[in-house]
Amino acid sequence: MLFNINEKGEPLVISFAPFLSPEAIKHLQENERCRDQSQKRTAQQIEAIYTSGQNILVSASAGSGKTFVMVERILDKILRGVSIDRLFISTFTVKAATELRERIENKLYSQIAQTTDFQMKVYLTEQLQSLCQADIGTMDAFAQKVVSRYGYSIGISSQFRIMQDKAEQDVLKQEVFSKLFNEFMNQKEAPVFRALVKNFSGNCKDTSAFRELVYTCYSFSQSTENPKIWLQENFLSAAKTYQRLEDIPDHDIELLLLAMQDTANQLRDVTDMEDYGQLTKAGSRSAKYTKHLTIIEKLSDWVRDFKCLYGKAGLDRLIRDVTGLIPSGNDVTVSKVKYPVFKTLHQKLKQFRHLETILMYQKDCFSLLEQLQDFVLAFSEAYLAVKIQESAFEFSDIAHFAIKILEENTDIRQSYQQHYHEVMVDEYQDNNHMQERLLTLLSNGHNRFMVGDIKQSIYRFRQADPQIFNQKFRDYQKKPEQGKVILLKENFRSQSEVLNVSNAVFSHLMDESVGDVLYDEQHQLIAGSHAQTVPYLDRRAQLLLYNSDKDDGNAPSDSEGISFSEVTIVAKEIIKLHNDKGVPFEDITLLVSSRTRNDIISHTFNQYGIPIATDGGQQNYLKSVEVMVMLDTLRTINNPRNDYALVALLRSPMFAFDEDDLARIALQKDNELDKDCLYDKIQRAVIGRGAHPELIHDTLLGKLNVFLKTLKSWRRYAKLGSLYDLIWKIFNDRFYFDFVASQAKAEQAQANLYALALRANQFEKSGYKGLYRFIKMIDKVLETQNDLADVEVATPKQAVNLMTIHKSKGLQFPYVFILNCDKRFSMTDIHKSFILNRQHGIGIKYLADIKGLLGETTLNSVKVSMETLPYQLNKQELRLATLSEEMRLLYVAMTRAEKKVYFIGKASKSKSQEITDPKKLGKLLPLALREQLLTFQDWLLAIADIFSTEDLYFDVRFIEDSDLTQESVGRLQTPQLLNPDDLKDNRQSETIARALDMLEAVSQLNANYEAAIHLPTVRTPSQLKATYEPLLEPIGVDIIEKSSRSLSDFTLPHFSKKAKVEASHIGSALHQLMQVLPLSKPINQQTLLDALRGIDSNEEVKTALDLKKIESFFCDTSLGQFFQTYQKHLYREAPFAILKLDPISQEEYVLRGIIDAYFLFDDHIVLVDYKTDKYKQPIELKKRYQQQLELYAEALTQTYKLPVTKRYLVLMGGGKPEIVEV
């Protein structure tokens, strides 16, 4: 029950419906099932929306409508009297929070429009107003709010800032590390500390490897709920626990025995094959068969009788026996086909080999680990102290402060627990332990609502732990009194072709060992509607593999990259889809594992005329080719004797020297000089005094003269002109800006070059002058392995999308191509010199001196790197965790598709059959096999081979070179939009340079004189708008767009034609109509025509007004309905006047204008402005009018002393009315 006050000051009582009982929920489920609608809520969705009074874990499979469930549940809570500000709603990203808030807002608007009860309308309106202050956001954002409010309780100032710049963090870390390192090198235990540093860095002078170890340990500890306690209690956990053979975990012994038994079974399967050859021609057992039978029998016996024959104490003896029993190779060959029978067992033996020796030396490294523990603890405390002094923190610091506040202050914790009706979290599978602790502190123990899908947990690199979700899942299933598990299995996104192949693949791949969850019936995808089950034979999934048997070297030298042939396969399929089936490009998406090494995709697509839009990629502005060329040009101007920069400039398109030219120049060495730089050789070559002047032919001599003349002019200009002007001079002199316009990614390249000039200009304006300082600044950024922000260009809307699998999460696309399926999973972390684990702590490779063990007397030491037992345990867990993450990545990628999924890879057709024999295997691929296969492609081929008798819902097809000829691939059926010859006289760089020179001069003149001379006493927002709109966007995109526009048309006017109605007249007429339109009546065509007669405009203007669009605004948009619902609060065409201070002249002036519409409520104002401008994207007008609406808001706030909480643009210049919140 809720009390409000009416206009007379009388209390209004709102009675809310109670929460549904389990019986009422069942009744609702039955009613929904009987409804005659194609799209119904599932029983599980209804249960997730309406169940209350207990902890709830919703396991929502891909495309099951989890966001719909969350929004509906929130709305149901509000309708039952729970205010939106009493819900804690955590999202994984800021973008997700914004989208969720918008969905709730739209739902509230819709509910207000449907509600006839006045009291309920008032209540829902209040919820709408409270929405912007509600706790809907990331855990980081909430933690900041807690620390800002209660930081004083733990001695933290509320006036802190977030250190988001990695470069700033690195500088502070380096300062702390260096100081601490010197202290430890001079302490009492310095010899042990030196041994520690040498164990990782080789010597005490190069500390980079040791520094990386410390930083990694620190970062890892920050993801735990209490870093200090973890470092003190868990960091050396495994080192203290696993010191004897008896300490080895039973699970690891079981895995070894399982590998032995699997090897015996696989070997038996191979020996039973028809072509194996068990008998000789004489009819007796062959020697090979006898040997293999012995291996099978002994392995089986040792597994069965392990405890009595060996036990843990005899594990080292077992390892020696098995090593001596099996052959050193991995394969058994039958009929020229190799079966890797012993591969997995060899890997296991390697893990346990020399255990006694390792354990003997492992004791020696414990003192090193204690020193490391002390150093990391000291580093953590010192680094935090520096950040406290600077009042600048990282996100993890803020989260730990929030945890500390809630743990140490019972009253604060209880106030939050009492305030929040429910603690809701989205993407729960991606939480880490720090976030889980914070959620636990906010909850009262029985009011948590968690939504996620462990099969989509793909953020382990951010220390996300899917086992948090998994443990809750198991606990709630075993003990229902702790919480309820609800499974959302129905998929409403994909056709059956996608669902079937996903189920087929993961039912053979995913279980608790690899994937962290058994992909059984409760996790399989089910079509949510009948329409999804309609079969389409041409949408069957395909694994398309380029046959590399005759690979001509088209693949990049880097095996991680995708080959030209693979991309050509994709281009061929896209052309077929577009030409034959009319599939628009924007319906097609390419998914890749990483943002790097994808240039070949853009280049190949450009050749075939396929438009492509990328997701931006990682920050690599300084690594883009055109920027690197310009930076080397500037380095050469600064110091021509920098050979690396000089060679790069000579080889660049500006001068186009080839390898032969450079070789001839290199031979002009002066034999009397020991060190001779390339610049000196060029000068000698020009005057004919080199060691081999006969090699410098006339053409080369001419190129050298041009180069030296140009370089001389640049170096002279660099001393006199600005860096900004120098860059534009380079563009003009060598046509480089124009050259990149003819290359792939022309817009991006030109924007990058333009941004370089602007950044140089900003650098000099900040007080740093000179080319040398600019180069040093850039080099410093590169040295810290950082980069400058990438320049964004407007991506084409009608284009194929290219993005990473991580970026695609939560999205859906009709056609999905999963590229580079032959790329090996990154196993870099499991080969490092140390591995961290939350339970076990740290495991290291120890550099042991085994001189005594070998009895060596001549050498000072014999160093051997040993994998300690903790390291081996952590390594095995990390390997399985990595494979599990990759498996979940494949799941995410496949379930993005709505209609069809393609797998693209490369393999040798002749070698692709080398998989284990399909006999005697269960539903899953053997664990040993899943562990040894390290690509998506290997998994799919293994499934296709071993389970070939099943319908796996995907086909494997090898593509030959003959399938990828120009004729076979085909061409897009699109007209040529632009004749390149039309641009032959268009020198963009000159035009831009002249424009920028003019703008610079005008800007300087304005800054010096115009403020004082031309300041008017009265201004309008439209006049001020021009001062806020940049003449040229910083990234240069607008210039590029304008340069491609056609020249002005000077066609003579046709006087017989009627004059065109001015856009400004249409805008004025619209404003008049919106002012006089009676909102108390239903808005339809007749109402609009009646109102139109009363405005002061000629008939041509009235006829030009699109009344259907205006009607659509009021009838089809929530804002239009808001106009009608709250017409008593509405003010239209309201004039205003306020005093403003000119920022330059410091003179006051009057700002006058007219506000189209605003709603005045008791505690806030909503502002609305109509625009009839033509536009391509709404964001254009949002940027254009943002400052104008801020002026309107300022005027309203000054007048009413109330905040303007919402500002809307009503865009009438498109095909339909669009509402944009500013």
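All positions are counted from 1 along the displayed chain.
Placed from the backbone N, Cα and C atoms, the Cβ positions cover glycine too.
Remember, predicted model here, so these are calculated numbers, not experimental data.
Feature list (source: Swiss-Prot):
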{"type": "BINDING", "residues": "A48, I49, Y50, T51, S52, G53, Q54, N55", "note": "ATP binding site"}
{"type": "DOMAIN", "residues": "27-483", "note": "domain 'UvrD-like helicase ATP-binding'"}
{"type": "DOMAIN", "residues": "512-798", "note": "domain 'UvrD-like helicase C-terminal'"}
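Features as recorded by Swiss-Prot, highlighted on the structure.
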residue	record	Cβ within 10 Å
A48	ATP binding site	28
I49	ATP binding site	24
Y50	ATP binding site	19
T51	ATP binding site	19
S52	ATP binding site	20
G53	ATP binding site	11
Q54	ATP binding site	15
N55	ATP binding site	21
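Listed in chain order, the extra residues whose Cβ falls within 8 Å of the Cβ center of the ATP site residues A48, I49, Y50, T51, S52, G53, Q54, N55 are E47, I56, R73, F449, K484.
Mean pLDDT for the domain 'UvrD-like helicase ATP-binding' (27-483) in this predicted model: 91.
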